[in-house]
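Participant: These came from TrEMBL, pasted as-is:
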- 1-21: signal peptide (SIGNAL)
- V112, N120, G121, M122, V123: FAD binding site (BINDING)
- 279-293: domain 'Glucose-methanol-choline oxidoreductase N-terminal' (DOMAIN)
Amino acid sequence: MKYNNLFKIICILVVIQFINGDDEFYDDDYDYIVLGAGTAGSIVANKLSENKRNSVLLVEEGGFAQHPWIWDPKDWVPHFLINPEPVVSRAFFTAPEPGCNNRTMSLLRAKVTGGCNAHNGMVLVVGDKHMYNRWADQTGESEWGWNNVAAKHIPELRSKFYFRKMDENRALLPEIKSAVTAIGVPYVPDVYVGNLNGLTNRVSMSKPDNITVQRRETSYSNYIDPIAANRKNLDVLVYHRAEKIQFNGNRAVSVRLRDVGTGKIRNVRINKEIILSLGAFESPVLLQASGVGNPSKLLQAGITPVINSPNVGEGLLDHIYLPFTGKPVVSNIAANLTASDLYRYSITDGFLYFGTKQNKTEHDFILGLNFVYYGPGQVRFDCPVELVNATSVGRVQLKNVDATGAAIQPLINNNFLTTESDVQILIDGIKECRRIQDKLVQMGIVDASQPELTNLGQDDASIEAYARSRGSGDFHPHASIRMGKWNDPTTPLDPHLKLKGTRNVRVIDASVMPSIATVNTNSPTMIIALQGSKFILQDN
């Protein structure tokens, strides 16, 4: 008799599964599945699992961040900029960029717990009131405004991370401050009051360490590591790549994961919601591989359309980085300087100058002001320009899928420097670098008789030609799955980050930004994760 009852129960379960539109059994099920254990996903998984009744799975394509050089910032240049480690970094490539002499650019993204927190420059700038209030206006949701961000989210981040402010008395930094303020640029001592326009102290996401001077911090190290062992309703699955979300109508019912080592498939059922935190390239690509996007483009890629959302992957933005190394420090000063004098905290030293020369409310560029050590007696003024108010807009589009339906390398078009405004901002930035350099010459710090290391003419045409030949993406891609107002058909996401046309799919990462982020995107992405988690919990 008991076997008959067991058979009946199995039959009932099969029928229920069939009614729900599922044609397969699942390896597991969770209330919430968060794809990507990076900057945003780590925070989301922490917040959703605070309620013990919520079962949460956090999935990461890479492994745990165990390499010692991840944590020591001195290793950042050799292991990320010069020779990126394939174990933790994945390279995407743009199509030839017409505004940059048809150059193809490498765009690195992280594949490790901590995400881009684990291999970025650790610059910690949360943004200003103008950016967040603009986002609130564009989405119609006041929770994205500065007042909410400043009152709720910035205090949480400051309680979780060290927020190390640089030592502005380090060698030659007082001279930079004097030069910049002497040309009329205001000094902004507190970057958390909503105003950034002017000269600010650089702040890094790192903490003091007896071994390495400072130690990197990531969302994963500070939001997941402390709770992973004891929070039984949270599972972390590494070395698994999300390949496809299965839909039944407008509801996501499961996600297909592949073990990147063995190739084994794991199908996991979604009880409540699935959250994509894969970044501005991979989040839109996964949606497209799952049938969410522009129907005609999906069909061209061999994908059956499921959800009509034509602007998934559209609107891609990034900042443009243009190096500039100027004249040397006068010999009698340079002779007394060592590398440790200038690189006390490695990549996180120097001032940031947020500026505009076009009478705008928001800044257009950020200058990274510092001096660079090239050897005994060889120290130069350094002033890279970062264009952060770009108007050139690109896209991310899946070209095709493999035999299993998994995404293949997408087509990425940034369209860098395709607007006159963007070119002019870089010209303005270089000119401002030289204005600061001239003041340092007057102060007797920089040697006027020596040439700049960057071989660059003084006229606008020369600067434009240099920008088109040397400008590159600054590894801050965003805005490829934009949030917008509830009734806005041009934005894929609603103000609460839910994919329009679906019941239970959200995106929480840098791709949701509704317009340009005028600061490094890492900290605003953490703000998005904190606010997005609140939306999920209140909506459920």
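Placed from the backbone N, Cα and C atoms, the Cβ positions cover glycine too.
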Participant: Taking every residue in the domain 'Glucose-methanol-choline oxidoreductase N-terminal' (279-293), what is their average pLDDT?
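Facilitator: In the predicted model, the domain 'Glucose-methanol-choline oxidoreductase N-terminal' (279-293) has a mean pLDDT of 97.
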Participant: Who are the chain neighbours of the domain 'Glucose-methanol-choline oxidoreductase N-terminal' (279-293) in space, where the CB to CB distance is under 8 Å and they lie at least 6 residues beyond its ends?
Facilitator: 35-36, 38, 92, 107, 109, 115-116, 242-247, 301, 303-307, 309-310, 312-313, 316, 396-398, 401, 405-407, 410, 412, 477-481, 499, 502, 505, 507, 509-511
Participant: Please spell out the DSSP helix, strand and coil residue counts for the domain 'Glucose-methanol-choline oxidoreductase N-terminal' (279-293).
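Facilitator: Per DSSP, the residues of the domain 'Glucose-methanol-choline oxidoreductase N-terminal' (279-293) fall into 11 helix, 2 strand, 2 coil.
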Participant: I want to verify one value. Collapsing DSSP to three states, which class is V123 (FAD binding site)?
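Facilitator: DSSP call for V123 (FAD binding site): strand.
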Participant: List the same-chain residues at least 6 positions away in sequence whose Cβ sits under 8 Å from the Cβ of N120 (FAD binding site), in sequence order, or say none.
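Facilitator: The list for N120 (FAD binding site) reads F475, N520, N522, given in order along the sequence.
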Participant: Judged by the number of other CB atoms within 10 angstroms, which among V112, V123 is the least packed of the binding-site residues?
Facilitator: V123
Participant: Quick one: give me the count of other CB atoms within 10 A of the CB of M122 (FAD binding site).
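Facilitator: M122 (FAD binding site) is surrounded by 24 other Cβ atoms within 10 Å.
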